[in-house]
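Asker: Please read through the structure below; I'll follow up with questions.
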Amino acid sequence: MPIVTAAQFISTKFDYIIVGGGTSGLTLAARLSEDPKVNVGVVEAGGDVFHTPQIDIPGMMGSLIADPTYDWCFPSVPQTHSHNRVVLQPRGKGLGGSTLINLMAMLRPCKDEFDVLEEIGNKGWNWESLLACMKKSETAIPSNLSPEVSQEFAVPSDYVPHGTQGPIIKSFPFRWSKLHSLVVDTAVALGLPRTFKTGSGSTVGVSSSFKSVNPKTATRCSSASSYYEPNASRPNLLVLTHAHVTKVILQAENDGSQRAVGVEFSIGGTRSSVIGVKKEVVLSAGTFQTPQILELSGIGNPDLLAKHGIASVINLPGVGENLQDHISIQSIAEVDSSHETLEVLADPEQLKLHTELYKTQEGLFTTSAAVGFLFASAEQIGSKDKVSQWQAQADVHSAKAMAAISDPTLKEGLKKQYDIQKRWFSDVEQPQAEIILATAQWPNPDLIPTPGKRYVTMFTALLHPLSRGSVHISSSDPIAHPAIDPNYFGHEADLDLFVESLELTLKIYETPPFAETYRGLVIPRPEALEGLSKEERRNYLKSYIKDRCSPIWHPVGTASMLPREQGGVVDSKLKVYGTTNLRVVDLSILPLELSTHLQTTAYAVGEKAAEIFKTLV
């Protein structure tokens, strides 16, 4: 059924209500509503905006970041270890969630990262089961490149691990920049091989990424356009937009557990509720808002709830804890002016030309500017000796981090996580840092592009931070933003590894063959680095990182799928502890950050949840 009014929604008796029409939420809604005998309701705080040109057109990716119509524009709390900066935390707002505004990468994690989920107690959550879910969500379009060109750009040619009949179409770019192949060859020269097995859980090395782009139309595939829109006419799938859920309505059972019977929501300041849910209430509000809704509903740390005048219904101290995200830092370089980077669009004639070319699926607007990805293990970033130093440093600071935690369940869960992360330090198949090539000058407050010049941006990202943050309610007002504290560099080992990762990026610029087109570093300022000793340079880069780091928008962990005695919030069936039918289906369930971009995993979580729900009695 098309989007409905509040009155229509309230008058419907639902089997399932899903809070949040984002990536996992719409995936789940589409799969559950395949059964015509059940009614599925989706409550979304944003609007029906998924065919806006800035969303549809791949070359305009990123242009809606910080636009409050499409982005929640969450601020962090001041970051103690990053010069007290308040850092923007973008999250997609509207049907489609963050698939509306993300960079469209369709990448997969390492095999061990999914297998670890089962290792820590979540039966059935492993590489093989989640691979099947990833494949179910997608249709991979083979590249039309020759074997020689595929080798040049590190484009995988094995499509066996990829889906062929799923809703999300993923494809390789229409256009390939010589800058990309230069980075590939330079990475190889530095000991980072081409990898063609990223789809099979082996990601260390340099490769090209699928994008969630339909090559027939040169448009973005979002969860809204791919999972919801083709099924919008189903009479048993109802969607309510511009409705901000304020809490889950709980009812005590005889055994002391709580049953979710409905949700309360606000539209334009008017409170309403829908009750009588027959089967499950599902939170798919994302890593920032799922814990907020849980706490507003009385589920969380009783002491924190009491501070905001909320009665404790379920004592669950893990709610909102264990926040992790990928931290990134930009470097920008000038390259030879013969390259066609996005700066050409500053010329009105070129802008007009490429606007016309897009109408026939040609030109710069058909393709994301970021398609090259390099994943490096700890040993590739530093050396075996460095790895040993980082492991020792991790031991010291991990002990400090755990000593600061008073709740024994949270302490036990963090210990398990740190044991795994320390193991990954010495695993040559486990990436610790990522370098992303964008053939453009990414917006930067320190740089106004010089007309006629061409730029590239490389993002360096820390993939497995040891630091842990939190997300909690900031007041009892459900419309107020939650207090988001990523706690960047709260664990000192993160900063040391990050500096070495940035140094690897800077080395790429100056190493042949990329050096042949390199015309100089622009950001960080080269004059600030001149004449510095090794230690002075490290200190400068540390300060630069603290001044300019930002997330890559992959937050996880705040409703972790762990045993309750380890600070978990949900079990392996995604059920919130202490409830009979309240589930969480989004990336907040991941107890450990993955070394990849998370769009593919978010779809897999939705598909996995649908499988689980269909087996429930």
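Using N, Cα and C of the backbone, Cβ positions are placed for all residues, glycine too.
Remember, TrEMBL labels are computer predictions, not curated facts.
Annotations for this protein, taken from TrEMBL, read as follows:
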| type | residues | note |
| --- | --- | --- |
| ACT_SITE | His554 | active site, proton donor |
| ACT_SITE | His597 | active site, proton acceptor |
| BINDING | Thr23, Ser24, Val245, Trp553, His554 | FAD binding site |
| DOMAIN | 286-300 | domain 'Glucose-methanol-choline oxidoreductase N-terminal' |
Asker: List the binding-site residues among Thr23, Ser24, Val245 whose C-alpha is within 10 Å of the C-alpha of the residue listed as 'active site, proton donor', in sequence order, or say none.
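Answerer: Within 10 Å of the residue listed as 'active site, proton donor': none of them.
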Asker: If you draw a 10 Å sphere on the Cβ of Ser24 (FAD binding site), how many other Cβ atoms land inside?
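Answerer: Result for Ser24 (FAD binding site): 30 neighbouring Cβ atoms inside 10 Å.
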Asker: Just checking, which of Val245, Trp553, His554, His597 (recorded positions) has the fewest C-beta atoms within 10 Å of its C-beta?
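Answerer: Output over recorded positions Val245, Trp553, His554, His597: least Cβ neighbours within 10 Å is Trp553.
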Asker: The residue listed as 'active site, proton acceptor' to Thr23 (FAD binding site): how many Å between their Cα atoms?
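Answerer: Here the two Cα atoms are 13 Å apart.
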Asker: Per DSSP, Thr23 (FAD binding site) is which: helix, strand or coil?
Answerer: helix
Asker: If you run through the domain 'Glucose-methanol-choline oxidoreductase N-terminal' (286-300) with DSSP, how many residues end up as helix, strand and coil?
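Answerer: Helix/strand/coil tally for the domain 'Glucose-methanol-choline oxidoreductase N-terminal' (286-300): 11 helix, 2 strand, 2 coil.
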Asker: If you average pLDDT over the domain 'Glucose-methanol-choline oxidoreductase N-terminal' (286-300), what do you get?
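Answerer: Looking only at the domain 'Glucose-methanol-choline oxidoreductase N-terminal' (286-300), pLDDT averages out to 99.
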Asker: Using all protein chains in view, find how many other C-beta atoms are within 10 Å of the C-beta of Thr23 (FAD binding site).
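Answerer: Taking every protein chain into account, the count is 34.
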Asker: For the residue listed as 'active site, proton acceptor', what is the secondary structure state per DSSP, taken as helix, strand or coil?
Answerer: coil
Asker: List nothing but the largest Cα to Cα distance in Å, as a whole number, among the residues Thr23, Ser24, Val245, Trp553, His554 that the record says bind FAD.
Answerer: 23
